[in-house]
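Visitor: Here TrEMBL flags 7-23, 43-65, 77-95, 115-137, 149-165, 185-204, 310-333, 353-371, 378-400 as transmembrane segment.
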Amino acid sequence: MVFSSETFLFLFLPLFLSAYYLTPERLRSWTILIGSYIFYCWWRADFLLLFIAVTAWAYGCGLLIDRWEGQARAKTTLVIGVIGCLIVLGIFKYLNFFMDSFAALIGTTPEELGYHWQLILPIGVSFYVFHAIGYIVDVYRKDTPATRSFVDFAAFMALFPHMIAGPVLRFRDLTDQFIKREHSLPIFTSGLYIFTIGLAKKVLIADTVAPIADQAFSMANPTAVESWLGAIAYMLQLYFDFSGYSDMAIGLALMMGFRFKQNFNTPYLSLSITEFWQRWHISLSTWLRDYLYIPLGGNRKGSARTYVNLFLVMLLGGLWHGAAWTYVIWGAWHGGWLAVERYTGWAKKAPPRLISLPFTLLLVLIGWVMFRAASVEGAFTVYGGMLGLNGIAPGIEFLANVTRENILFLVLAILAVCGEPYFKKLTDAEISAEAHGFEVTGNGIAVARPSLAYPIAMSLLLVVTVARLSEQSVSPFLYFQF
């Protein structure tokens, strides 16, 4: 069940929100927990046991660390707790990859080595393992107290808006919100607006430009036009798909009174790779910074160590995205450029915007080709096409599978990215107290003022998006595979 499915929109969400608001406030964590487990079981019920086990493991480690505060046993528990979480991730996400790679290295197959398993990746495992690790480390660092309420902690881990594909949350940011959070019609409406924007990003833009990327990356010898259109289409598809999911998660959480932090901030308008990672998947990049980069020494142990740390963190960040060499290379690509920018000072004194913006976009685009390709060889096939090695003009096969509508929405997506600062400013202004019937004047006096334009626009957007949704099959979010 995905957020952009009719089952979620017209069955699960109305039933859950009804149950949530009918439940007494002190018991709402139970409603969240049960509802989120039902949401997860819609995919596969058996992996719920693994999810609960990781939750209980992190909860127990937190209590032990708190009990043994200041003792050597606390640090031992920290190490064991983190290793236990990583073992879960390693077995289910990377065991197949490492066995395949090892077998290929020695010229045999996994079956000949006696390895016959093909483990299924539990949905959301990369995210909930990171949530668990973050909690254990935060308790040890005293950034958050160990919670005594297993229900609140389990509800945090399972909170369905973020449990499948983020944002990567930290319990310390939501601790107080589980104790007390504000519910009101304006807050609920704001959440609905944000959810609607995210749904439109996914259904109207991401899913409509996806066929261009799918066609280009499936071709044996794509031409220059096909390769560039496919790469740009995927670049936009991924952004509107993932930022759309994040908006929907933030909106859903707000409907329950939770306030999640922003996860994207116009990343395709960045002037450097360093700035890009300050704007793209912010919750992940800050998690990697706080729980990996800084513990490795950050920039405190000399320039050479800083470059190594940047490269290593992005290499592991790439591997976190998927158990394939394409993700490792993608991580190395970004890690290398972060190190180069650190060495040259590019991020602080970038050339004029007309140079730095397109150059940064080109670097990001080159990385996305490797990220999207099914194999390293497939990525270099597209790179070759981008260089014109297979001709320039699009072929009959490409034109037959890409419609004018796909191209139109590709252009609209580009315009949307260019105009994003304006739209973001407008949306942030409207999704505020002023947008719900009050205007705060310069002298602080609130004057009633009905605001109808934005609600009408959001209502029309929701209707158009749902109508579009009914015409097409359900398309899972791209980050579900991670």
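Counting begins at 1 with the first residue displayed.
Even glycines carry a Cβ here, placed using N, Cα and C.
Worth saying up front: this structure is predicted, and the values here are computed from it rather than measured.
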Visitor: How about long-range neighbours of the transmembrane segment (149-165): same chain, 6 or more residues beyond its ends, C-beta under 8 Å?
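Guide: 29-30, 32-33, 35-37, 39-40, 51-52, 54-56, 58-59, 62, 123-124, 127-128, 131-132, 135, 171, 174, 178, 242, 245, 248-250, 252-253, 258, 260, 477, 479-480, 482.
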Visitor: Test the contact criterion for the transmembrane segment (43-65) and the transmembrane segment (115-137): 3 or more CB pairs under 8 Å, pairs 6 or more apart in sequence, then answer yes or no.
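Guide: As far as Cβ distances go (cut-off 8 Å, pairs 6 or more apart), the transmembrane segment (43-65) and the transmembrane segment (115-137) touch.
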Visitor: What parts of the chain pack near the transmembrane segment (77-95), using Cβ distances under 8 Å and only residues at least 6 beyond its ends?
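Guide: That would be 50, 54, 57-58, 61, 64-65, 68, 117, 119-122, 125-126, 129, 132-133, 136-137, 140, 319, 323.
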Visitor: Counting a contact as 3 or more Cβ pairs under 8 Å, with residues at least 6 apart in sequence, do the transmembrane segment (310-333) and the transmembrane segment (353-371) touch?
Guide: yes
Visitor: Could you tell me what the rest of the chain brings near the transmembrane segment (378-400), counting residues at least six beyond its ends with Cβ under 8 Å?
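Guide: Apart from its flanks, the transmembrane segment (378-400) reaches 215-217, 219-231, 326, 329, 366, 369-370, 372.
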Visitor: The transmembrane segment (353-371): which same-chain residues, six or more beyond its ends, come within Cβ distance under 8 Å?
Guide: 231-232, 234-235, 238, 268-273, 275-276, 321, 326-327, 329-330, 333-334, 337, 346, 379, 382-383, 386
